[in-house]
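Written below as structure tokens is the structure these notes are about.
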Amino acid sequence: MTLPGHPTGMARPRGAGPCSPGLERAPRRSVGELRLLFEARCAAVAAAAAAGEPRARGAKRRGGQVPNGLPRAAPAPVIPQLTVTSEEDVAPASPGPPDREGNWLPAAGSHLQQPRRLSTSSLSSTGSSSLLEDSEDDLLSDSESRSRGNVQLETSEDVGQKSHWQKIRTMVNLPVMSPFKKRYSWVQLAGHTGSFKAAGTSGLILKRSSEPEHYCLVRLMADVLRGCVPAFHGVVERDGESYLQLQDLLDGFDGPCVLDCKMGVRTYLEEELTKARERPKLRKDMYKKMLAVDPEAPTEEEHAQRAVTKPRYMQWREGISSSTTLGFRIEGIKKADGSCSTDFKTTRSREQVTRVFEEFMQGDAEVLKRYLNRLQQIRDTLEISDFFRRHEVIGSSLLFVHDHCHRAGVWLIDFGKTTPLPDGQILDHRRPWEEGNREDGYLLGLDNLIGILANLAER
């Protein structure tokens, strides 16, 4: 992403760029062109059969011979069914990660890439146990599904015709499939299962719409923070539900490593705290989550009830992590090999957080430099953002993404709990939170995060 006013662009196609010099894409053909090729081939085969031309190979003879060398008429060919699975439209341009030199790439939407496929499993806070299902929805991606726009041919069962149709299948399919050998599948970190769907368009994903997040994204697209958040492309309907069309932040990375960092000193709204006090609701599921981390954490009364309230659980959750001490906490990490690390619930001290980032970046000094520069750009932009000063930002994350080609990016994500302040009120985002002042500690956390990475860079 760039500072405000700098055009954002789409990531370079996978297989291009510094990681694979000299590689070129296979020729691109639209579905319409492929259909014409297919129909022309079928017509040629049918015409040859109707004219009684001999087969070039494998012509059978009675008893192994054709009398007098005369050709035997070939059976009428069975034309395979052509199935076009999707549109041939080119994906719209959307912002992407920087190139090897750290420059944000210009818009380029001339190539249709494989859409990613969402996993139906949820790793809460990148965890394998759903300990933090109340946290906001974040996504990672690691493998792609079959491209929309593929052309599939159902081959004839006639052995004699099989080779003809196999040639056509190859002719039609290879231009579409060959540029995209490496595929990834979605992994959802934190949040509720089923929040995301594949968009079916390169560079985009769908997230289940909520009124608060829709409100925020519309306003963010007109704010200086536009280049620091996923590009928003409107709302679409899928299976009777509304979804937000968002930029796929992993598009253009090769085997991305991803870290989700939840920002702020709290992940609950003040109004949630008030409502919980007025109408307390005991949660057995949260009691079990608390017990799984620390059997001594519940009080005697909570042990007797075998339940806790949500505010009690969330305040405890933030107290055992770095949220209250540093203004952020690490939710989870997905490595390039697809493995997820989620054991950060008690990662609290600056030293512990530093070790986690060292492990995440694996000593890549170039990635560290780019992360640090990007965080400083984001902080500068937040400090002049009218949207930021007039909103309480709760449950939002910074998403860190890098790959082995030293591409790296950081974005603000998740605005489902971001709420506007009463007219005339603004936040400092660094002042300590006291109930009633609505301070979230976002910039406090970002200052500490930048300090930790700056210390790493000096080593």
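The backbone N, Cα and C atoms fix where each Cβ goes, and this holds for glycine too.
If you look up Swiss-Prot, you'll see SER195, LYS207, GLN247, ASP248, LEU249, ASP260, LYS334, ASP414 marked as ATP binding site.
The annotation omega-N-methylarginine is assigned in Swiss-Prot to ARG35 (among others) on the grounds of similarity to another entry. Secondary structure at ARG35 (omega-N-methylarginine), as computed by DSSP, is helix.
The omega-N-methylarginine annotation in Swiss-Prot covers ARG55 (among others).
Under the heading omega-N-methylarginine, Swiss-Prot lists ARG62 (among others), citing similarity to another entry as support.
Positions annotated as phosphoserine by Swiss-Prot: SER135 (among others).
In this structure, SER195 (ATP binding site) belongs to neither helix nor strand by DSSP; it is coil. For SER195 (among others), the entry in Swiss-Prot reads phosphoserine, with the evidence type similarity to another entry.
Sequence annotations record features per position, and here Swiss-Prot assigns region 'Disordered' to 1-26 (among others).
Annotation source Swiss-Prot lists region 'Disordered' at 49-164 (among others).
Among the features that Swiss-Prot reports, region 'Calmodulin-binding' is placed at 285-293. Secondary structure of the region 'Calmodulin-binding' (285-293) per DSSP (helix as H, G, I; strand as E, B; remaining residues coil): 9 helix, 0 strand, 0 coil.
Averaged across the region 'Calmodulin-binding' (285-293), pLDDT in this predicted model comes to 95. The number of other Cβ atoms within 10 Å of the Cβ belonging to ASP414 (ATP binding site), over all protein chains shown, comes to 28. It is ARG35, among the recorded positions ARG35, LYS207, LYS334, whose Cβ has the fewest other Cβ atoms within 10 Å in the structure shown. Put simply, of the binding-site residues LYS207, GLN247, LYS334, ASP414, the one whose Cα is nearest the Cα of ARG35 (omega-N-methylarginine) is GLN247. The full span of the recorded ATP binding residues, SER195, LYS207, GLN247, ASP248, LEU249, ASP260, LYS334, ASP414, taken as their largest Cα to Cα distance, is 20 Å.
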